[in-house]
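Here's the structure, in structure tokens; my notes come after.
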Amino acid sequence: MQVTSAAVIVAAGSSRRMQGRDKLWVQLAGRATLAHTIDTFQSSPVIDTIVIVTNAERLPDVHALCQHEDWHKVIAIIPGGARRQDSVRCGLDEVARQVPGCQWVMIHDAARPFVTGNILEAGLQAALKHQAAIAAVPVKDTIKQVHEGIITETPDRALLWAVQTPQVFSFPLIHEAHHTPLAQEDMTDDATLLERLGHHVAVFPGSYTNIKITTQEDLLFAEVFMTASQKI
Ligand SMILES: Nc1ccn([C@@H]2O[C@H](COP(=O)(O)OP(=O)(O)OP(=O)(O)O)[C@@H](O)[C@H]2O)c(=O)n1
Ligand SMILES: C[C@](O)(CO)[C@H](O)COP(=O)(O)O
């Protein structure tokens with residue numbers, strides 16, 4: 001069955017937790033973090049079009065990168081918003097403008113450059129079944145809920161998953177959700193919006209290497225892993 005799927009790659013953050021370095025333009029094995037991420041989507045047979053959402057000041061750099069790399073699936077490079085969810089909405093609105101009838105959308109953090117084609121394909125298969133599915137991995141550490149330095153709860157670890165991206169959705173479903181009043185509330189991922197609207201969201205296997213580059217320590221892993229995986 002031929003499906004049309006778009007990717008919204010959100011790259012409009014400020015890297016505040018990176019102590020002054022722009023994590024999306026740090027060089028990993030000789031290429032910017034952002035380039036590694038986009039490459040995987042450009043190479044994936046399940047992705048037809050790509051919308052990149054970036055900072056206004058980085059628009060020229062992303063345009064230059066896309067021209068240099070010849071990523072023909074990239075149909076738009078647009079500015080994002082104040083929050084991740086605002087950038088996602090900007091990307092979804094652009095997909096709606098440029099891809100009439102789009103059926104599926106993958107929303108992915110540009111800061112997750114180690115996503116694989118297999119994860120993208122697993123995500124689409126899960127979304128075809130559930131309408132909404134997100135990459136996740138079982139947590140390995142015991143997680144505690146803490147209030148003012150005191151433990152208030154220890155959730156059952158067997159029920160806890162660490163959420164990643166891509167988050168894959170029926171496009172009409174997630175696009176409409178991002179235009180409900182509830183969408184104005186702060187949320188750190190897109191699945192939360194659907195959950196709060198009463199929709200079931202499934203998880204599908206991500207990977208423990210599909211990390212989000214967030215702090216300097218993540219760069220240590222990223223540089224080693226990217227170099228090692230280039231040699232495979
Ligand atoms: N207003 C925002 C905030 C985040 N993002 C993107 O969402 C992804 C996940 O966000 P995060 O890791 O928090 O990135 P930053 O917001 O840059 O990090 P920080 O919170 O440390 O500033 C990143 O690819 C980031 O570029 C975005 O497109 N628009
Ligand atoms: C979407 C996400 O990557 C799932 O873990 C995460 O919530 C993004 O959080 P951030 O603070 O915007 O990086």
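Just so it is clear, glycine is given a Cβ too, placed from its N, Cα and C backbone atoms.
Remember, it's a predicted structure, so these values are computed and weren't measured experimentally.
Here is what TrEMBL records for this protein:
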type	residues	note
SITE	R17	site 'Transition state stabilizer'
SITE	K23	site 'Transition state stabilizer'
SITE	R157	site 'Positions MEP for the nucleophilic attack'
SITE	K212	site 'Positions MEP for the nucleophilic attack'
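Overlay of TrEMBL feature records on the structure.
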| residue | record | DSSP (3 states) |
| --- | --- | --- |
| R17 | site 'Transition state stabilizer' | helix |
| K23 | site 'Transition state stabilizer' | coil |
| R157 | site 'Positions MEP for the nucleophilic attack' | helix |
| K212 | site 'Positions MEP for the nucleophilic attack' | coil |
If you count Cβ atoms within 10 Å of each one, which of the recorded sites K23, R157, K212 comes out on top?
K23
Filtered recorded sites, from R17, K23, K212, whose Cβ is under 6 Å from an atom of ligand 2:
K212
Scan R17, R157, K212 for recorded sites whose C-beta lands under 6 Å from an atom of ligand 1 and note them, or write none.
R17, K212
If one looks at the chain holding R17 (site 'Transition state stabilizer'), which residues at least 6 apart in sequence have a CB under 8 angstroms from its CB?
T214, T215
